[in-house]
Structure formats: structure tokens, C-alpha cells
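The structure appears below as C-alpha cells.
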Amino acid sequence: MGGGGVLTCIPGGGGPSVASLWTEVNRCGQNGDYTRALKALSKILQETRDDVTALHCKVVCLVQSGSFKEALNAMNTHSKVLGSDVVFEKAYCEYRLNRVESSLKTIESAPEQTDKLKELYGQVLYRMERYSECRSVYTDLIRNSQDEYEEERKTNLAAVVAAMSQWEQTPMEDLGLSEVTYELCYNAACALIGQGQLTEALSKLQQEKCSSRESFQDMTEEDVESELAVIHSQMAYVMQLQGRTEEALQLYNQVIKLKPSDVGLLAVTANNIITINKDQNVFDSKRKVKLTSAEGVEYKLAKKQLQAIDFNKALLAMYTNQADQCRKLSSSLQSQNPSHPLPVLIQAAQLCREKQHGRAIELLQHFLDQNPESASAIKLTMAQLYLVQGHVTKACDVLRSIEEYQHKAGMVSALVTMYSHEEDIDGAIDVFKQAIEYYQAEQPGSAAHLALVREAANFKLKHGRKKEAVSDLEQLWKQNTKDVYTLAQLISAYSLVDTEKAKAFSKHLPSADAMSFNVDVDELENSHGATYVRKKAAKVVGENLPTEPGQAEVKKKKKKKRGKLPKNYDPKATPDPERWLPMRERSYYRGRKKGKKKEQVGKGTQGATGGALADLDASKVASSPPTSPRPSSGSTAAPSAGVVPPRQQKPSSSGGTRKKQASKKKKGGKGGWS
């Protein structure tokens, strides 16, 4: 919508100089030079201070120049002279100065509702998020107007429908708006997002992106990307909702790098990046959060968008361990939104991070007493905190008090699990009973109802409550009398409770002939599903082939691997019959000689004695060949095969080598000769 109208030249009283000034004003107005027109009007007003036409033209020039405050001051100063002639200009200036309440009052006080006032009225209602009234205004304008602004009105109407779909979850209506322009197509995609039709919305945005590129062929690539930034940001939002966070983050960062002039677009993009980061990459989130606080953001976004940004600021303060900042922001949010549960949940989360679970529960209980309409989210959080503290029974009591989820399958499963953990079988059975009674009244015979009955029966049978399980099993069997499995369970339960009824129900069992099946075991094992069955060799079906007389079967014999023999093995020698016995248990074992080496250590030079020098002379030792040990009487001669003979120890002058040799001898003494 443009400024406050078109300049008109109506010369007032005065000399020829005033007439020439009016000519100058007219010429500047046609050329759009409103600054020079203001100079000429100021000279005219010096001559005729209360000239209505001059004052009106001055207001229009100030509006066209963007000087809304000066224009509003001029109208307020000369309100008696101007009267209702400048109602539209005054309301427009108030709207541009974000004084929407004052603008609404000015429009409603106008003596006549012209088309341009109705246009402005629709803009004000949209800014105030009164979408239903705004839609009525634009629908009436489109129906009763015939001018060149019809396409703009349709665009505004499409924006209203999209806002209603996103922020109020209002079902879409087919208003017959053709998507011939970029704005109409974009608004249609936003409306689809509000309805949860994400795939269709993304397809429409991609289609609009391609068509926009074709229309921007004369622009540079940088300018094209700047024009497409809003489409990329919205596409990333859809991808984020679809769980494609990596692709969404890439598009978001692409938009941020372009640094678009739209502070609202930057704020929304930065906020969505923060939601992807969560408690990770907090330093990047701290940089991005500054973009959400730019000047003028509050006038570009809806209240729910601003609220979401403030909530994320508090959560970011919690993730960055800024406890005081988190408490300050969440308290401010709670004062602004006293019935919203999220600020209290943030405060409770901060207390939990400080290991103050008791205070967190008290805070949630206090909010719950004041706002019972928010019971579901608060009670679920309280139950979780009770479980953290180990109070399972209290958690069960809180969960059972949530009427909204009391009969849901997930809630029943959670309660039964917790009661079973506490060994409160009666409590678990009571949960089943209430859920079955609810479905019996609301959805009798439904899949959910029968599933609950079966689970209740199995639970009772598992815990030995056969008498209580009988009624459930009988109810299940009546729903499907061909269910042999349920019938078998019923007979088994009745056999311990009422044998007569067990006999009566056993008559409904199918006969043995009816239950027998012609099953080919080999085919079953070779089937596709039998993956863990050890397959047997295929059998040859038919008669044995005749064999020629004298032809014998040749069986394959498995070759035995010969063991390795010792290097000094003598095949002519008789092996030792006691070779399998430990050395200590053999008949010729005489024990180890002790104390002989100890006497020689420490005597003489470097631990050698005079009498031992001859024994340690290597030249003398080498001259005589090593002798083999003699077996004692009653034993056979040479060592047997497979037993390693003893090694000849070479003398050394160092004590360390002697110790090493002794350790080797000790190690080898377990099996061979010593």
C-alpha cells in the first residue's frame, strides 16, 4: 500500500509569488520530488498559515518521504483546520509507526469507510492477528471492487488464510485463488504446512523456486539467491519437520550467509538453527541468538513466533549452564504467559540439573493447582521425576489421574510394567479392568478392546490368577470360536478351577484327525524360512541300482596325520615304558642334588673356587665327549622317542648366566631327563 494520496494543486489566495509556488508544488508532485515540494509548501504556509490544501499537501509529502512522525505531528497540530480530511493519512502514519491500536480507533472513528480505509483496516486487523475479521474485510473488498489492485487484495487474502492455518489450525477453504504469482504460490504452501501436508507444501515450494529462477534471468546469481532466501528458509523448515535435519541445516546456513535485509527472516532462520543444535554446538547457538534480538523483529513476526524465540532463549541459557539467566528469562515468560506450561517446565528442568528434584515437583504441583487445564504435560513430568527419585507408586498414582490418557494402550502398558516392578499384581489387574470397561462401553469388540482382554488374560495366567483369567478367556473365545489357542488356554484354566466346565469346553476341541497335518519334514527344513536347520544330505528316491557281482563298495578312509618326531629319534632304540609318567614317579628317579652349587658360590675370585677352576676350563671340557646318563637298574637303555634328551650345559664365568641355565633346567625337569 502506498502513502497518503496524490498531490493536487489548488492555488489559494495571494500574489503571483504564491501562484508560482503552487506551480512548483504541482510539478514536483508529478516528478516525485517531495523534498522540493515541501520547501515550496512551507513558503506558501508562511503567507497563508491555515490553508487547508497546503496543509493537506504537506502531510502527503511527509508521508511519501517516510517522515511519519512529522506528518502525525502536523496533523495533530492543525487538527481543527484539517478535520476529517486526513483520517486516512493519520491512520496510515499510526500504522507505520506500529501504533496499531491507535490506528484502529482512528479508522473506526471515520465518518465514511472508503475503499482505501477498508484496505488499511484489513492490514491493521492482520497485524493484530484478528484473522477472521481480516478475511471478511478482504473478501468483501474483492467482491465489490473493480480496479488494478485486485491481485494485491487476493495476495493479502491468501496470507490471511495461511496465517489462520498455521497459528489457529483452521481448516483450509477453497476461495478460488489462482496461484499465478510468486506471493500467491508461497502463501498456498504456507497454508499446506499449517495443515500438516508437508510433502505437498515442499513440492509447491520447489515448483515456485524453479519458476522464480526463470523470471530472474536478468539478475545476478547473488541477487537471485537473495530473492529466493525466503523460499529456501521455508523449505528448510518443512525438511526439519520431516526429520531431515542435515539438509535443513544446510539451507538455513545458506540463508544466514546471504545476510538478507529482512530482520524477520533472519530471526526465524536463526531460531530454527538453535532448535536443531539443542544442547550441542552451543557456541554456534549463542552467536545465532543475537540475530533474534535485532531491532524491529517484534513488528515482523507473529506473537507465537516471538514466544517460541523467547522460550528457546531460556532453554539455551539452561544448556549453557547460565542458571540465573535461565531463571530470569523463564520467570519473565511466566509473567507474560501465566497459563502456559512451558516456562514452568523450563524452571523445573533447571532445578533437576541442580539435583533439586523435590523443589521441581513442588513447583509443578503449585502450577497444576492454579492451572488444571494444563494437567497432562505437567503430570507426565511429575511422574518422570517421581521415577527418578524411585517413588514408583507415586508415579503410578499421578499417571492414573490423567483422564485424557488413562485408557490409552501406552499408558496401560506403562502402568502394568511399573506395578509389576513393585510386585503389586492387584494394582496392575485393576488397570486392565478399568481400561477393558472403558472400551466395553465405548468401542465394544474393537481390535483395541480384544487386545486388552487378551493381554489381561495372559497377565493373570502368568501370575497364577487362573480363576480371574477364565472370564477374559471365555469372552475372547466367544468372539472367535475357531480360535483353538484361546480354547486350550480356557480349558487349562478351568481344569484347575472347575473340572466340569473344562470337560464341557474340551468337547469343542477339534478331533485328532482334523488336527493332523501331512507335513513333509524334509521340505519344511529346506524351506526359505528355516535358516537355522542343519540340512541333511539329499536322499535318492527310488530302487537301488544293481551292482555287478564281485564289485565291493569302496569306503573312503580318512588319512591320519603322522605326528612329528624329535630330531634325535632313534628308531632302533627301545622306547622307555615309563615315558608317560611324570619324572618324579619314574622308578629310576633319584631326586635333585641340593646344596652343591651353594658351596661354590662366593669363594675365590669372582665367585670361583680354586678347586673348581679345572672343571670350568673350557679347553679341558671340550676334549672329552659328553656322556649319556646311565639308567638305573631295572630300566631299559636309551631315552624313548618323543622325549627330548638333556642338553649339555656350557660353563660360564658370570653368575647371571648360571642362574639362567639353572632356570632352564628347572623348567625342563618336568618332563625329560634330569
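Backbone N, Cα and C atoms are what each Cβ position is placed from, and that goes for glycine too.
As recorded in TrEMBL:
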type	residues	note
REPEAT	229-262	repeat 'TPR'
DOMAIN	534-591	domain 'Signal recognition particle SRP72 subunit RNA-binding'
REGION	543-674	region 'Disordered'
COMPBIAS	555-565	compositional bias 'Basic residues'
COMPBIAS	567-588	compositional bias 'Basic and acidic residues'
COMPBIAS	611-642	compositional bias 'Low complexity'
COMPBIAS	657-674	compositional bias 'Basic residues'
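Across the range of the compositional bias 'Basic and acidic residues' (567-588), the DSSP-based residue counts are 3 helix, 0 strand, 19 coil.
Residue counts for the repeat 'TPR' (229-262) under DSSP (helix as H, G, I; strand as E, B; rest coil) come to 27 helix, 0 strand, 7 coil.
Per-residue pLDDT, averaged over the repeat 'TPR' (229-262), rounds to 93.
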